[in-house]
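Participant: Taken from TrEMBL, the feature domain 'Dihydrodipicolinate reductase N-terminal' covers 7-120. Taken from TrEMBL, the feature NAD(+) binding site applies to G12, A13, S14, G15, R16, M17, G93, T94, T95, A117, T118, N119, F120. Among the features that TrEMBL reports, NADP(+) binding site is placed at K40. Sequence annotations record features per position, and here TrEMBL assigns domain 'Dihydrodipicolinate reductase C-terminal' to 123-237. Positions annotated as active site, proton donor/acceptor by TrEMBL: H149. Positions annotated as (S)-2,3,4,5-tetrahydrodipicolinate binding site by TrEMBL: H150, G159, T160. Taken from TrEMBL, the feature active site, proton donor covers K153.
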Amino acid sequence: MNTTPTRLLIHGASGRMGQALLRLAAEDSSLQVVAAVVRKPPIQRVIDGIPHFAASELAGAPAFDVAIDFSLPEGFDPILALCAERGVGLVSGTTGISDQQQAALTAAAARIPLVWATNFSLGVAVLAELVERAAAALPGWDCDIVESHHVHKKDAPSGTALTLGESALHGGAEPRYASLRAGDIIGEHFVQFTGLGERVELVHRATNRDIFARGALHAAKQLRQRAPGQYRVRDLLGNVIEA
Ligand code: NAD
């Protein structure tokens, strides 16, 4: 068991998720953020003792054990390439990545341990299982997934809605999607199964984005110990889910 702190590179550090990751990592003595990467050259090079780099300076980042990426699809390829080149783990929560980027992720998993997930919350991992079970138990019922997020969210339907849709498909349902963008909603996913004269409704509401950041930090600690491969949130948060 390695007792030295896990050295992290945070990619997308100035964003909503990046800021939550930096704040929570600072409270955890088993983690050390050694680099924060933002899209444009930073005005301040060192903030709270953490060196900041522009995306264009990624190659010059110091040694790290795991990168955590919550950026945008255009930032995804360079951070995946850097982790593959250095042989270190990657935790990515960036949504809206293309099929080509998914394929590159799968290829990189032959060399490094990684996890890409549309949602790092425990509640959504459980919701996905419930959706699959409901879909299997309610054949022929309509299945609708309605997701709501803040007005700044770029992709729609959300990555989480698509993940829940895959669970519904596995269970035999044919999901339809609807998206709402309003105010500062952190994330709500509502899955409705409708039969004749009755409805089953399953819902998850995120009220604080720290849940995603905590899940990603926990996954990073776990990933440091793992062999190359593509892991699911459930594989890495298993002891939290079962606790
Ligand atoms: P945001 O817009 O607040 O932040 C985006 C960050 O990415 C910024 O720091 C920006 O500088 C950086 N960035 C943009 N382009 C870049 C590039 N080319 N190279 C490097 N960095 C770049 O967004 P956010 O709300 O923090 O969300 C970030 C991502 O995480 C989105 O894809 C969002 O959908 C996703 N997300 C995932 C989860 C999850 O649990 N998986 C939860 C919340 C958000």
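The backbone N, Cα and C atoms fix where each Cβ goes, glycine too.
Keep in mind it's a predicted model, so treat the numbers as computed, not measured.
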Participant: Which recorded positions from the set K40, H149, H150, K153, G159, T160 come within 10 angstroms of T118 (NAD(+) binding site), judged by C-alpha positions?
Facilitator: G159, T160
Participant: Out of K40, H150, G159, which of these binding-site residues is nearest G93 (NAD(+) binding site) by C-alpha distance?
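Facilitator: Comparing Cα positions, the candidate nearest G93 (NAD(+) binding site) turns out to be G159.
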Participant: Show which residues of the chain containing H149 (active site, proton donor/acceptor), separated from it by at least 6 in sequence, have their CB under 8 Å from its CB.
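Facilitator: Set apart from H149 (active site, proton donor/acceptor) by at least 6 residues yet with Cβ under 8 Å, we have S158, S179, L180, R181, I185, I186, G187, E188.
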Participant: Filter the candidate list K40, H149, H150, T160 of recorded positions, keeping only entries whose CB is under 6 Å from an atom of ligand 1.
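Facilitator: None, as no Cβ falls under 6 Å.
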Participant: According to DSSP, how is the domain 'Dihydrodipicolinate reductase N-terminal' (7-120) divided among helix, strand and coil residues?
Facilitator: 41 helix, 32 strand, 41 coil
Participant: Look up the residue listed as 'active site, proton donor/acceptor' in the DSSP assignment and reduce it to helix, strand or coil.
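Facilitator: Looking at the DSSP assignment, the residue listed as 'active site, proton donor/acceptor' belongs to a strand.
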Participant: Near the (S)-2,3,4,5-tetrahydrodipicolinate site, what residues other than H150, G159, T160 in the same chain have a C-beta no further than 8 Å from the centroid of the listed C-beta atoms?
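Facilitator: Output for this site, in sequence order: T95, T118, N119, E147, H149, K153, D155, S158, A161, G187.
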Participant: 10 Å Cβ neighbour count around F120 (NAD(+) binding site)?
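Facilitator: Counting Cβ neighbours of F120 (NAD(+) binding site) within 10 Å gives 25.
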Participant: Counting other Cβ atoms within 10 Å, pick out the least crowded of the binding-site residues R16, K40, H150.
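Facilitator: If we count Cβ atoms within 10 Å for the binding-site residues R16, K40, H150, the smallest count is at K40.
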Participant: Check the domain 'Dihydrodipicolinate reductase C-terminal' (123-237) for me and report the mean pLDDT.
Facilitator: 96
Participant: Does anything in the same chain, at least 6 positions from S14 (NAD(+) binding site), have a Cβ under 8 Å from its Cβ, and if so what?
Facilitator: A36, V38, R39
Participant: Quick one: pull the CA-CA distance for K40 (NADP(+) binding site) versus T160 ((S)-2,3,4,5-tetrahydrodipicolinate binding site), whole Å only.
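Facilitator: Cα to Cα, K40 (NADP(+) binding site) and T160 ((S)-2,3,4,5-tetrahydrodipicolinate binding site) are separated by 28 Å.
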Participant: Between the Cα atoms of T160 ((S)-2,3,4,5-tetrahydrodipicolinate binding site) and T95 (NAD(+) binding site), find the distance and write it as a whole number of Å.
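Facilitator: Checking the Cα atoms of T160 ((S)-2,3,4,5-tetrahydrodipicolinate binding site) and T95 (NAD(+) binding site) gives a distance of 8 Å.
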Participant: Name, in the order they occur in the sequence, the residues of the same chain whose CB lies under 8 A from the CB of G159 ((S)-2,3,4,5-tetrahydrodipicolinate binding site) and which sit 6 or more residues away.
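Facilitator: Residues satisfying the criterion: T95, G96, T118, N119.
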